[in-house]
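Input: a single structure, listed below in structure tokens.
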Amino acid sequence: MADYQGKNVVIIGLGLTGLSCVDFFLARGVTPRVMDTRMTPPGLDKLPEAVERHTGSLNDEWLMAADLIVASPGIALAHPSLSAAADAGIEIVGDIELFCREAQAPIVAITGSNGKSTVTTLVGEMAKAAGVNVGVGGNIGLPALMLLDDECELYVLELSSFQLETTSSLQAVAATILNVTEDHMDRYPFGLQQYRAAKLRIYENAKVCVVNADDALTMPIRGADERCVSFGVNMGDYHLNHQQGETWLRVKGEKVLNVKEMKLSGQHNYTNALAALALADAAGLPRASSLKALTTFTGLPHRFEVVLEHNGVRWINDSKATNVGSTEAALNGLHVDGTLHLLLGGDGKSADFSPLARYLNGDNVRLYCFGRDGVQLAALRPEVAEQTETMEQAMRLLAPRVQPGDMVLLSPACASLDQFKNFEQRGNEFARLAKELG
């Protein structure tokens with residue numbers, strides 16, 4: 001447990017996470033100062049009066065006078081104000097670092113470009129099925145500091161690359177990088193390896209590293225070692241097995257579950273299940289209750305979620321596909337009897353869209369591209385692409401064309417912030433329009 005008495009603490013970024021940091025320090029007798037580049041950040045009205053605040057910009061004077069800066073994952077460490085503070089020897093951490101210094105129970109830590117919320121939630125469900133008092137949060141749901149509790153027997157944290165950059169005290173009982181594909185390239189000017197390096201921090205001091213046998217970028221820099229357990233489609237300690245038209249989850253050659261008993265579908269979800277099982281095993285959860293959780297878990301909203309099945313047409317909301325890798329996961333092995341009407345678009349965060357091209361061949365694909373990067377996406381296969389300003393226009397365009405056996409899939413490969421508040425709002429809008437138009 002760290003001692004912050006007498007420290008001059010500055011918190012950058014409000015919102016739920018910033019408020020959890022404020023509460024953390026106030027409970028320890030330290031009154032921090034808070035700043036946010038937004039004029040009226042969320043949570044400003046909930047800030048106790050005693051806490052000094054500065055909004056609309058960063059206050060360099062406060063930063064340079066600090067003993068400790070707690071930075072929101074939303075601000076890049078490369079920001080000139082933070083660079084100057086780091087050069088002056090001022091410690092910069094994030095809320096996850098504060099959490100790791102205090103947590104008394106084992107931590108399962110999960111990162112990756114895609115699938116991390118599903119796997120985090122699944123491991124949490126596995127713990128609950130075993131009767132374990134578990135705290136689930138981090139980059140999903142509740143901020144980590146709100147989970148700190150003497151009664152907690154296990155923590156399961158989803159961590160973003162941004163959170164890992166400011167974390168050095170994590171000692172996970174089990175840690176995984178599910179996959180590494182281009183995302184947030186606007187924050188990583190040196191490209192994919194810089195982004196990967198941030199993710200790799202999760203393995204430091206981990207007891208077990210769960211790696212993806214199909215993705216070399218998830219391996220520790222020095223290669224797999226005795227701490228590593230692997231999962232994969234056809235290879236790995238935890239893998240899929242296809243026999244007589246059925247698919248099984250297997251562990252070291254032993255069949256443990258037929259996927260038809262799972263509520264989740266799609267190959268990417270079966271590998272998510274394998275990763276969750278590997279983490280749960282490493283954390284010492286009983287296998288039987290973990291498998292039971294796999295048969296009852298229905299998945300998360302906005303993640304390949306069937307929002308309407310009507311007149312033989314399936315409308316699927318995969319709004320959480322905010323990067324290319326996530327849309328690839330949705331399209332890989334996807335079977336559609338009729339035509340796939342694919343909605344793509346939004347803010348591509350400087351990503352390369354070309355890996356999607358191989359999934360867009362064939363006569364039964366139609367593209368509807370919208371938002372900031374709609375033009376670029378339509379260029380993937382112009383002869384079957386239509387371009388509109390908004391998602392709603394695209395949906396009104398495609399609705400009269402759908403036939404029984406078709407699928408309408410929103411898997412945009414882009415962030416939503418050019419036209420929506422977040423991916424949830426985009427997904428809810430899709431669901432609303434699907435019910436109106438379908």
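Every residue gets a Cβ built from N, Cα and C, even glycine.
These features come from Swiss-Prot:
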- GLY112, SER113, ASN114, GLY115, LYS116, SER117, THR118: ATP binding site (BINDING)
Given a separation of at least six residues and a C-beta threshold under 8 Å, show me what packs close to ASN114 (ATP binding site) in the same chain.
LEU178, ASN179, THR181, HIS268, ALA321, ASN323, GLY325, SER326, ALA329
The number of other Cβ atoms within 10 Å of the Cβ of THR118 (ATP binding site), counted over all protein chains shown, is 26
Cβ-based isolation winner (fewest other Cβ atoms within 10 Å) among the binding-site residues SER113, SER117:
SER117
Just how many other Cβ atoms lie inside 10 Å of the Cβ on GLY112 (ATP binding site)?
27
In the chain carrying LYS116 (ATP binding site), residues 6 or more apart in sequence that have Cβ under 8 angstroms from it
ILE110, ASN139, ILE140, GLU158, LEU159, LEU178
Under 8 Å by Cβ from GLY115 (ATP binding site), same chain, sequence gap 6 or more:
LEU178, ASN179, HIS268, THR271, ASN272, ALA275, ALA329
